[in-house]
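K.L.:
Have a look at this one.
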Amino acid sequence: MSSPTSPTSSPGRHHWSNSKDGMPPEYTNQDPNSDQADNENSDAKAHQPQHSPQHSTENQGHTGTSDTSSLEMELSKLHPESKQRQLPHSPEHERSRSPIASVVSYRSHMTLEDENQIFNAEMAVRGSQSLQRRPTGRSVRGSMRRLSSHRSKSMRTSKSKKSGDYERTAENEEAAQEAENHLDNFGVVTFGTEAPIKAPDHPVTIFGRIFKFIQQRSFYLRSLIYIIPLGVLLLIPVFIGRFYHPQPPYRDELGHEYERHLHVGGVDLMWMAIWWEIIWLSIWAARYAAKVIPYFFAFFVSFISNNVTKWRCMAVALEFPITLFLWMLAVYVSFLPIMTRRHIGDYGVPDHVRVKLPWQQSANNVLITLFITSIMNLVEKVLMQLIAMSLHRREYESRILYNKFAINELARLYGYARQRSFDFKDAIHRAQADVFKFADHQHGKKRAAAARVAQNALNKTTYKAISAFNFATDMVNKVAGEITNREVEKSSSPKSVVLHLLKTTRGCQSLARCLFEALVNPENPDLVLDDFIPVYTDETGEVDNATLEACYSIFDRDLNGDITCEEIELACVEIGKERKSISASLRDLNDSISKLDGICMFIVAVITLFIFLYLIARNFSGVLTSAGTTLLGLSWLFSGSAQELLSSIIFVFVKHPYDVGDRVDVMINGTVTSAMVKEISIMSTEFRLLTGKVIQAPNSLLNTLWILNMRRSDGIADPVTVNLKFGTTLQQIEQLRIKIIDFLKEEKRDYKPDLLTEVTDLPDLYSMSLCVVFFHKYNFQDEVLRMRRRNMFMCALMTYMQELDIVSPIFNSPGKSKDSPMYVNFNNGSMEGVKLSGGNDGGGTENHRDSTVGGGILKNPKAYPYREPTPPGSSDSDTASVSKKRVDFSLGTRHLMPAFDDVADIGSKRLGRDSLPDAVIENAGTEAMRREAEERRRAEEEEYERSQQESSSNEENENASRTSGARFSFSSKASRLSARPSARTVPPLQHISIQDLREPNENNTSKSARL
């Protein structure tokens, strides 16, 4: 909702000076710019929404009104009067203001909807979402928005779907948390190549419920639940083989007795069962080892790398491949020693002969194949992680660093604003407590008193449990942060509120207006750098200038020195969109890498098959020849698909010309198509056209096209070509340039103060094509802003051309103007009474021919922009002297030549970590990045100190040379020759100073005489 603007204010600027008696506008939901605002002011005051969980109805009676009034009183007592600039208390203002609006700053740009958005975010981060999902637990903001009847009906009729909505909301929260982890752990991309086994959302059978219950437990408890039952079952054959002997002992020829053992495939049953037990326990031992390996790996990597977190996260992502490798290693190593050393003879007696039975040889070949497969799988996963990390570092590291820094600074500013203007902590607790006083109404019917009391008690218990859980979570995070030396955000921290507000465009605008309201000076309509100093001043009074300037540059993109409320809104919206774009890009990148991983796994499976055939086949060469012949014969079938796949892989992972959310211009068949990147996959890309249509294009085709990425572009030049009348004077063109440049300087927030004009063509001496090139300060990523800026320029251009009487070439046609009359030739003779404009002597025709055809534009007095028309009676010499004055035929482009030198842009790199300020890296970077920034700053400081010392020593030497030079002088001949280099050695006591060389010869002579 826009704020009222004064008639003298520029468009898009927030002013409140048009209100009566210099007072700010009243807080209503009406648009201040609408014509009906004054007429409906009284109705808006009468229907002002209150802070209550439901609208007042006749069924609620006097209780709801009293509770709402008490809630308003509680909300109005949040801050002392010394910390706020409240509006004057009057009955009219009291009726028009909400309880939260009463504590808003004096020059408020915030509306009631903005306050609702912030209050909504504060409620959400404090764990009240579970109460909001319940019909009786609606928050205070529900009534403030006056829900429509359709929404109220849908909420009443959806009670049977609450459980399903809860599950979907939980899934969305998990997805949001995963995206948050992707943004936090930059430098590492974890892709889900091994999806965990998930239980159904709504299990029907008892076994499904049990499995879901087990899957929801922690890993260690879940592993014990799985290990113990099956491990105990596998111990049964071990005890049977050890203690149970159904047959009598065997006696050999010498009379020795041997116990007969049960055997399976010639191997003792006990040892066979032990090997089965090893198979089961080794998989969990490998899983536990994979959990511990990242910490040991990080310890050893810390000796050679500073970025330990990245490699530890990589080892965590490789948990499943490492588990598979260790498991197959244990199974393969334990198979042959157990099977060959525990052989049972023909009579069931161990013969202690190491014999490899045929089935054991075949099983060993299978285990070898699986072990090699696990090795190839681990190597393939490591390569995929390295590719993902390299692509992530190249494309997203700088964007994530800058976005995290911007969010951290927004959180700092919001924390300052919350302490300064409106702290909702007490209001939220009271509001949540008052919410429980209202009973739920189902289809307009009241529940029984006992049910209402029970429901209120349940809600209170739930609220207390949530508060206790949040408190316990904050305490655990605090202890964990002290142990790990890391700062952990609280559940109700300003950053959590900022992240919640950045999810929607409306929340971004509310956050921006809140920050502007808290920082702006009452005497200045805009923000300046000094307004941010209280936020970045520590307890000792020192100001963090580096972080302050970096934060100020987030909002002051045009570098004009001040920040308007609109600029903060655009910056916050851009930060929110950038965060969503990065999350979507990382998600699509993970999907693409997962598909590439699937392709590589198919290749690994083919290699595994050939290895297995090599181990079991007697004639492997024949099998390989047959397979090669078949593959060659079917090459025509999948050759095109293989080529398309290779082109797509190169396009996505090597070229990577765009990311999700980028606006691109693709040239297809000579036609430029503008679209927004919606989704990127390994084989195709989905675009959303500006018309709303969604199209899909294969990456193999896009690999051969020209693609213009608007987001990666800087300020863009926008040419406009206009056709003017032939004979348009240079004075008119110069005046047009001056007016347009003044317009660009006035609108310096959107345009650069540079203008290029070029006469491109003079077709048939009938018209003149003038190309006007102006420069935007931003790119064309936002189509709405591009249209707005171009419309402003086009309207200004049209207005100035109309003021200067610059017309279309159609006015050169006969009869269109007085300068180009239309002559009519009658075959029957001339018309009587018609007199030519040149007179009877025909001199007028000759003069007209001389002034237009013979003289041309250079002899036309109007063509000279810097001279007055030649007065009558002046001599030809005066006219010739005036005609010798220079005319700027470059149309103002001469002074712009050095400014548009494109040589410096050739070979320049994109925005990387080196181009980011140190404050951004220290605030949002990893520990390794912070150390690099500190080392770089330390090196710069040492270099600066060294240069200062050298400069001071040079000054001392120069002063010494001047002092010694005053005692010695040379003759005029020597002074003239002293400027040339000499091969002779200078005496040690003679010093030549520049001051001596610049003195006149007579001074040198007098000095030498005195010496």
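The backbone N, Cα and C atoms fix where each Cβ goes, and this holds for glycine too.
Relevant sequence annotations retrieved from Swiss-Prot are reproduced here:
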type	residues	note
COMPBIAS	1-11	compositional bias 'Low complexity'
COMPBIAS	27-36	compositional bias 'Polar residues'
COMPBIAS	49-71	compositional bias 'Polar residues'
COMPBIAS	74-97	compositional bias 'Basic and acidic residues'
COMPBIAS	143-161	compositional bias 'Basic residues'
COMPBIAS	162-171	compositional bias 'Basic and acidic residues'
COMPBIAS	873-882	compositional bias 'Polar residues'
COMPBIAS	928-948	compositional bias 'Basic and acidic residues'
COMPBIAS	963-975	compositional bias 'Polar residues'
COMPBIAS	1002-1011	compositional bias 'Polar residues'
DOMAIN	543-578	domain 'EF-hand'
MOD_RES	S98	phosphoserine
TOPO_DOM	1-223	topological domain 'Cytoplasmic'
TOPO_DOM	245-287	topological domain 'Lumenal'
TOPO_DOM	309-319	topological domain 'Cytoplasmic'
TOPO_DOM	341-366	topological domain 'Lumenal'
TOPO_DOM	388-595	topological domain 'Cytoplasmic'
TOPO_DOM	617-633	topological domain 'Lumenal'
TOPO_DOM	655-1011	topological domain 'Cytoplasmic'
TRANSMEM	224-244	transmembrane segment
TRANSMEM	288-308	transmembrane segment
TRANSMEM	320-340	transmembrane segment
TRANSMEM	367-387	transmembrane segment
TRANSMEM	596-616	transmembrane segment
TRANSMEM	634-654	transmembrane segment
K.L.:
So, by DSSP, how many helix, strand and coil residues make up the compositional bias 'Basic and acidic residues' (928-948)?
P.N.:
21 helix, 0 strand, 0 coil
K.L.:
Return the stretch with the most CB pairs under 8 A relative to the transmembrane segment (596-616), choosing among 224-244, 288-308, 367-387, 634-654.
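P.N.:
Most Cβ pairs under 8 Å with the transmembrane segment (596-616) come from 367-387.
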K.L.:
Within the topological domain 'Lumenal' (341-366) only, compute the mean pLDDT.
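P.N.:
Reported value for the topological domain 'Lumenal' (341-366) is a mean pLDDT of 78.
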K.L.:
Go through the chain and flag residues at least 6 beyond the ends of the topological domain 'Lumenal' (617-633) whose CB is under 8 A from any CB in it; none is fine as an answer.
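P.N.:
Contacts of the topological domain 'Lumenal' (617-633) (Cβ under 8 Å, skipping residues fewer than 6 from its ends): 610.
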K.L.:
Can you count helix, strand and coil residues in the topological domain 'Cytoplasmic' (309-319) using DSSP?
P.N.:
10 helix, 0 strand, 1 coil
